[in-house]
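Right, one structure below, let's go through it.
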Amino acid sequence: MSKVLSAVAWPYANGPRHIGHVAGFGVPSDVFSRYMRMAGHDVLMVSGTDEHGTPILVAADAAGVTARELADTNNALIVQDLVDLGLSYDLFTRTTTGNHYRVVQELFRGVHANGYLVEQTTYGAISPSTGRTLPDRYIEGTCPICGYADARGDQCDNCGNQLDPTDLLDPRSKINGETPEFIETQHFFLDLPALAQALQDYLGGREASGTWRPNVIKFSLNLIEDLKPRAMTRDIDWGIPVPLDGWREQSAKRLYVWFDAVVGYLSASIEWARRLGDPERWRDWWNDPEALSYYFMGKDNIVFHSVIWPAELLAYNGAGERGGEAGEYGTLNLPTEVVSSEYMTMESKQFSTSRGHVILVGDMLSRYQPDALRYYICAAGPETSDADFTWSDFVLRTNSELVAGWGNLVNRTATMLAKNFGEIPAAGALEPVDETILATVRAGFDSVGDLVGRQRLRAGIAEAMRVVGEVNKYLTVTEPYKMKDESQRERLATVLHVAAQCVVDCNTLLAPFLPHSANLVHAALGGEGEFMPMPRIETVEELDTDNGAGLATYPVITGDYSATPSWQSHPVRVGAPVAKPTPIFTKLDPSVVEEELARLEK
RNA sequence: GGGGCGGUAGCUCAGUCGGUCAGAGCAGAGGACUCAUAAUCCUUGGGUCGUGGGUUCGAGCCCCACCCGCCCUACCA
């Protein structure tokens, strides 16, 4: 048994999230975390909403509200979506809490004290009316190379040349059209070159483990070949104050959103421990070199998790070429695994909230079962390459695999049990065919477990469904529905007992993927209580009112997962009542394809 | 410009160290069965493995070039 940190990417709170987001980080991390708990590991699964940065400010301005108000609204929406999906966070918090501010500032101070944050003067654009940094991508102008009128500050979409915003002719703010002002400004830069060797050693070791997805490790190793210092502060009035004398008081200088966002994994772990009343407990996951950590995200976040965050940690630990000492949090663990998903497209095009080419998680869950979405994401998600979500494929997979394959097995088994015995009967002598199917199903714990433990979810759920198919075959071969004569009563009881055991075991195999329906199947076959613990929303009070963005209370996702069932066969209880079942999964009418496509057209 | 990923049966995709690797699921066709949300089970797949070279006794799998699609390039997973 190991300490396992499940570090899940922090959804950005500039709006509600779409199903591509939860396909990238949410569902895969939950399946993995639930499996690891079942396998006996001590899992700490944390995340939260990422609420700082320019995009939130821009969205807030557009909506006529403050950044805090916008973040509050979207945090609430996102929390609801994630709970509805059944994502089993130990703590899902936010980056505007006093605790987060405090932890981020300690990290920054530690990195600064060790000499890895260097002050530099840079030349950057600000908005004259607000005094805020204008990020390159928010500046438009005429391309000096090809004359394209709507070139972006970082790159011209027409000729593809990389640009510097100062190169643009007639530069203008994409936000309000005004002409940006280019000023000299002071910022702190993370000295990545001084950490390059340490990063090289770290990533080299990770590469040697052979467990990272090839594109992630290759991409990361490529990045560290050419490291430059990177700004960790911004001219912006929405973010975490720089915790140094002379800077703290400057309301227009804040920490770069990505400096603080990745620290969230640590701050959320600490918040979790504090709320537990055991404030040092987080150290089991962060200071023990034997503890494992798995970070889940979409591919556009790889650099922050495989390079920037390890660099921050190495700098805090004092492990770069400038040396140094760890601060009050001690020597912190670097990521064991960076598990990155690719992109999920929809109907062959990239999701685009602004263009309305999007399926929001909340909309999806208002019309379909959460486990139907979870099944689709696990079976056809963007695990190692981009994957296309289409409504016709969603309907097909739901109906032919979830409903016809698994749901039907549960239904036919429970129906025969209810009709013939009204309970789980005791088995008589087992025949070879019975022994074989029981062994086949039990072998699934090894094969499925091995795949899920290596984050091979597509292969894992396919293997579980293969086992389901074997059990369907068992019923076809043994033909219990033909055993109507009293002389066959004992054989009937035996077959149905075996079938019930197989269904219960399949349910356990599928439980990490389909926790909601696992509880329904459990109950349908006479199981008592809840099988898979589910998360809940709890409103909590701010722990550090002297810091943070001024929250008083806020919603978090949490849960007690200590009753998670173990990853093994759980014997059925003879005599457990089985009533005529109601179908677990809803079959979808093919017309939903057209309906949903029509929704997209709007 | 630089970097990455993908191009395998109608569709969605597996193919780890090069030698039963030419596969699975779905769709389609035929059959069996009726407990089950007409669900299940069995049988049925000859696709230049993007193109052209090369290395090798042997290459989807390695190398080179090219074509096509997608993505990243540091503030939208």
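Any Cβ shown, glycine's included, is placed from N, Cα and C.
As given in TrEMBL:
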type: BINDING; residues: A:Cys143, A:Cys146, A:Cys156, A:Cys159; note: Zn(2+) binding site
type: BINDING; residues: A:Thr353; note: ATP binding site
type: DOMAIN; residues: A:7-413; note: domain 'Methionyl/Leucyl tRNA synthetase'
type: MOTIF; residues: A:11-21; note: motif ''HIGH' region'
type: MOTIF; residues: A:350-354; note: motif ''KMSKS' region'
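Taking H, G and I as helix, E and B as strand and the rest as coil, DSSP gives the motif ''KMSKS' region' (A:350-354) the counts 0 helix, 2 strand, 3 coil. Taking all protein chains in view, 13 other C-beta atoms sit within 10 angstroms of the C-beta of the residue listed as 'ATP binding site'. DSSP places the residues of the motif ''HIGH' region' (A:11-21) in helix, strand and coil in these numbers: 3 helix, 2 strand, 6 coil.
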